[in-house]
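Asker: Sharing a structure below in structure tokens format, with a few things to ask.
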């Protein structure tokens, strides 16, 4: 019960001059944890640059990054840098989106995959490949984005628009997800050429990264992040139910609309760039909630840092474990992240949070 | 809701639920007759009914009894099993998303079957056995991991999702390690198809249903209804909460396992059938029997549509179930909102 009350308590703390000492130390602890998480992220990014088919030391990787004449310069800047940055951005986006989704639908199972957004992107991409003959990566990125956007608007509309309830949103998303995945399967089975091209996109991989994609992705992720951060406070109020949210000065309809917009932009961009990577958006918010409690103003930054740690870390491990080949990042995330997730479900009282 | 009494017994009768159930049974049987009649050797529905009642031409009898009837019966049974297990799971975890597709049991069945294909190159009987064993092991694992002095519904969901994610990774890994023929066979099985189903597919599932249906519908339905109101309410109504939950969990996992063994993991039936049934009957509670009928109707209609809609290229039923169930659910949600009902 105390965990449900905490956002309200901290909301009040921010304004009142006489803070209870316990909240003080708790916030300090959270800030320290965030710094530790950032350090972890830095380490993982360093490993992302150093580890690969030709392993180099962290020092050499740094030299390759800063000095054009260093021997590792081309490996680091042309191959590993875009890949690591893509993982960083995609993880960041998926973590934030998952966090927002679970807060909005108040359903622990909600993630971009279950709510049909990945499926919408997949359906648009497979349609573009099968019926419009789009083959270039730069072409179908936009279709993925369009698909994600159309599906999230549809989920919002079917789920009840401004009067949407969490259960109906979740249900509408699942129903659309089911229909779209079946559609994708049907098109692939009827058109083997589309299946062949689609395979490269659906594995959810960071391997095809280049700097152009990273730059484009970062613009969308920036916009999505801005909306996400603005929604933290109203979504906190919404956790107490819509009537309480209204009483606390939040507008439920606008909050839902803007949150859906943020999720669309974040997920659409990440999915378009690296294919449907599931589980990151589902798992990270649960882990984070067990660390910080349900206050979104802490959860969002934690998710934004820890999700890329998971994604880039899984990518690095995939390169190490299956040398000289590599394991797809989706597989590694699930097989290694899953047990960690289960451990937290058992250890903490996460399920009740 | 009205109560029918006879001496000391009483039964709740919900006229709308009865009507919906009856209509769904008629829909399932009608589609079955059409499905038996369709194929390379088409028969009119009248001839099919004649043949089924034992007055047909010997050639017709052979085709119907040996080729088409097993397929249709398998479809009906698979749909019924999935619909029922989905309804039980969704009521147990009190979450409309809590179907075996999402809680990892279907993934467990897939992992078992793929292991048999990839590691041992087993026959189709071994494959079915692998699916049952995989789902059962997953069930035990999820139960043990979720147990902490009781089985909290939300924890069960989270553990199931975590296990499902791990198994998805394992399945993906197994598929990348398989040679191309085995991978093809595994992918075909994973789509969920009634193609080539014989009596060998239908009979084990029929036996499982005969055994499990009475346990769920007669033994536990009352307890499940109480559980939907929360553990505390159920306790105070005299329901042995943990025991009922364990029995229901075992039954639902076994239903999923045998359904997957018979036809592969046919997608989204367990997820959509209970929700569709609940929306059509507008009755509270888990709606077990309407969900069962809805599942059967959904799978048979999907198979009928899959075989006919795309000309000479029949699709597996598992591809169409999602479109059919998902689109119908979206439509129901949209129209019910306009009518002011949730």
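A Cβ is built for glycine as well, from the same backbone N, Cα and C atoms used for every other residue.
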Asker: Would you mind telling me which of A:214-232, A:233-251 TrEMBL tags as transmembrane segment?
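Answerer: Of A:214-232, A:233-251, TrEMBL gives transmembrane segment for A:214-232.
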Asker: With TrEMBL as the source, which of A:3-24, A:113-134 is set down as transmembrane segment?
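Answerer: Transmembrane segment, as annotated by TrEMBL, spans A:113-134.
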Asker: Report the listed stretch (A:84-101, A:113-134, A:258-288) having the maximum count of Cβ pairs within less than 8 Å of the transmembrane segment (A:327-345).
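Answerer: Most contacts with the transmembrane segment (A:327-345): A:258-288.
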Asker: Quick one: do the transmembrane segment (A:300-321) and the transmembrane segment (A:140-159) reach 3+ CB pairs under 8 Å, ignoring pairs fewer than 6 apart in sequence?
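Answerer: No, the stretches stay apart by this measure.
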Asker: Report the listed stretch (A:29-51, A:84-101, A:258-288) having the maximum count of Cβ pairs within less than 8 Å of the transmembrane segment (A:140-159).
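Answerer: Result: A:258-288.
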Asker: For the transmembrane segment (A:84-101), what are the same-chain contacts with Cβ under 8 Å, counting residues 6+ beyond its ends?
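Answerer: For the transmembrane segment (A:84-101), the sequence-distant neighbours (Cβ-Cβ under 8 Å, at least 6 residues beyond its ends) are 41, 45, 48-49, 110-112, 115, 206, 209, 213-214, 217-218, 220-221, 224-225, 228, 231, 235, 259, 262-263, 266-267, 269-270, 273-274, 277, 280-285, 288, 296, 299-300, 303-304, 306-312, 315, 329.
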Asker: For the transmembrane segment (A:29-51), what are the same-chain contacts with Cβ under 8 Å, counting residues 6+ beyond its ends?
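Answerer: For the transmembrane segment (A:29-51), the sequence-distant neighbours (Cβ-Cβ under 8 Å, at least 6 residues beyond its ends) are 57-58, 60-62, 64-65, 76, 80-81, 83-84, 87-88, 291-292, 298, 301-302, 305-306, 308-309, 312-313, 315-316, 319-320.
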